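This report concerns only the one structure given below.
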Amino acid sequence: MKETFQVAGGARLAGSVRVDGAKNSVLKLMAAALLAEGTTTLTNCPEILDVPYMRSVLEGLGCVVQIDGPTVTITTPAELKADADFDAVRQFRASVAVLGPLTARCGRAVVALPGGDAIGSRPLDMHQTGLEKLGATTRIQHGAVVAEVDELRGAKIRLDFPSVGATENILTAAVLAKGRTVLDNAAREPEIIDLCDMLISMGAQIDGAGTSTITIDGVDKLEPTEHEVIGDRIVAGTWAYAAAMTRGDITVAGIAPRHLHLALEKIKFAGADVETYESGFRVRMDGRPTAVDYQTLPFPGFPTDLQPMAIGISTIAEGTSVITENVFESRFRFVDEMQRLGADATVDGHHVVIRGIEQLSSTGVWSSDIRAGAGLVLAGLVADDQTTVHDVFHIDRGYPNFVENLQRLGADIERVQVEP
Ligand code: UD1
C-alpha cells in the first residue's frame, strides 16, 4: 500500500512542538558505536525510518541493536564483519558513515555505494582521499567502496570542501590511528560537534570540533558510552517556516537556537516576530511574508536542507526572491512540484527566481527527498484547497510523527492509504 498526505490549505498553525534528536546526528553516532567493543546507549533518538535502516546495517556487521522508543542500544562485538550488507546500505546515504569506523576497527571496509535522496551527485572522493592520507588504499569495486590498511597513521588533511560526511569518516578513522591528524577545512555543523562529544566521551582525543581545523590524537582503544543526541535543527527550522508561512504562532522546544541562527534571522527579515530561549524559540507571524534572498552554504550558512522551505515561503511572499543553491546540484527538482502548485519560479543554473503570488493552487505533488516532501506539505498548508502529497515515505525517513504534530498545531492533514 502506498501512502499519501491529504493537506487542506488555510489553517493558521499555533501551539507548541518538541523536536527529537537529529537524524543527521543519530545515524553517525550509531555508526560510531562500532569503534568500541561493548554496549553503547544513545538517548533522544528520533523515531524515523532511517534508524531501523541503520540497525540493519549494524546487525549485518555483527552488532546487536535494540530500539526502545527514543533509546537505542548497540552492542558491538570484539570481531566485526568488514562487509556492510549491500541491500541494507543502499537504502540510505548515511550508511556510508560505517566506512571510517570499519576501516579503523577491521583494517578493511566494504560499503556499497549508498542510495538515498535524489538531490544531486554525491561522490565519495573526499572520503576516499581522507582515508588514503591516513594510509589506507581505497577503490570502487563491484558497486562498493573498499578501504584496506595495515595500520592507520595520523596525517595532515585538507578537504576541498567542508563535506559533512567526509569530515565524519575521517574523524572516526583518525581517532584510532597512530599519531596526530590535523583536518583542515573541516565541516562545522552542530552534528559534527555532537559526534566529537560522543567520541571524546569514549576516550578519543579531539580538539577544535565546531571550527575549521580539528586535531585528533589517536588512541589505542575506545570504550562504549552513553550519549544524548542533539535536537534536530532541520525539523525545528521546518516548524519555524510552518509558523511564518501559515501566519501562525509556534513555540519549538528541544533545540539550541544558535544552531538555526541564520534561518531565524531570515524569518525575521520576512516579517516574523522571533523570540529565542535557551533550548527553543517562538515564531509568530501576522501578515504576508516579505520576499528575502537566500544562499545555501555549509554551516553556519543557511542549510541546504531548509532550501525547500525558503522556496516555499518565497512563493507566497510580497516581492521577488533569488535563492541560490551552493551545496547540492539537483536540489531544484522541488521547484517543478512548486510550479504545479502555481508558483511563479524560474530556475537559472543554481539560482531560482521567485515572484511571490497571493496563494498557491492545490493539486497532486510528488516528494523527491525528505526535505522536499516536508516543503510540499508546508506548501499544501497555504494552498487554496486539498493538496495530495505523494511518496511520503521520504518524509517518514526524517520527520517523526509529522502528521500528528501538524494536527496538534491545527492543520487539517490526513495520512491516506492508496492502491499502488
Ligand atoms: C549531509 C546531510 C545532508 C545535508 C548535507 C549538507 C546526512 C545524512 N546528510 O550530507 O542532509 O544536506 O550534509 O549539510 O548527514 N561531495 C563531494 N565529494 C565527497 C563528499 C561530498 O563532491 O567525497 C559533495 C557533495 O556531492 C555535495 C557537497 O560535497 O555537493 C556536500 O556534501 P556533504 O557535506 O558531504 O553532505 P553529506 O554528508 O552527504
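Every residue gets a Cβ built from N, Cα and C, even glycine.
Not measured: the values here are computed from a predicted model.
Site annotation (TrEMBL): UDP-N-acetyl-alpha-D-glucosamine is bound by Arg93, Val327, and the candidate from Asp68, Asp305, Asp344, Asp348 recorded at this site is Asp305.
Counted within 10 Å of its Cβ, the other Cβ atoms near Arg93 (UDP-N-acetyl-alpha-D-glucosamine binding site) come to 19, all protein chains included.
Asp305 (UDP-N-acetyl-alpha-D-glucosamine binding site) is 12 Å away from Lys23 (phosphoenolpyruvate binding site) when you measure Cα to Cα. A 10 Å cutoff on Cβ-Cβ distances gives Asp305 (UDP-N-acetyl-alpha-D-glucosamine binding site) a total of 27 other Cβ atoms nearby, all chains included.
Neighbour counts were taken as the number of other C-beta atoms within 10 angstroms of each residue's C-beta; across the binding-site residues Asn24, Val327, the minimum falls on Val327.
Here Asn24 (phosphoenolpyruvate binding site) is positioned 11 angstrom away from Asp305 (UDP-N-acetyl-alpha-D-glucosamine binding site), judged by their C-alpha atoms.
A distance of 10 Å separates the Cα atom of Arg93 (UDP-N-acetyl-alpha-D-glucosamine binding site) from that of Asn24 (phosphoenolpyruvate binding site).
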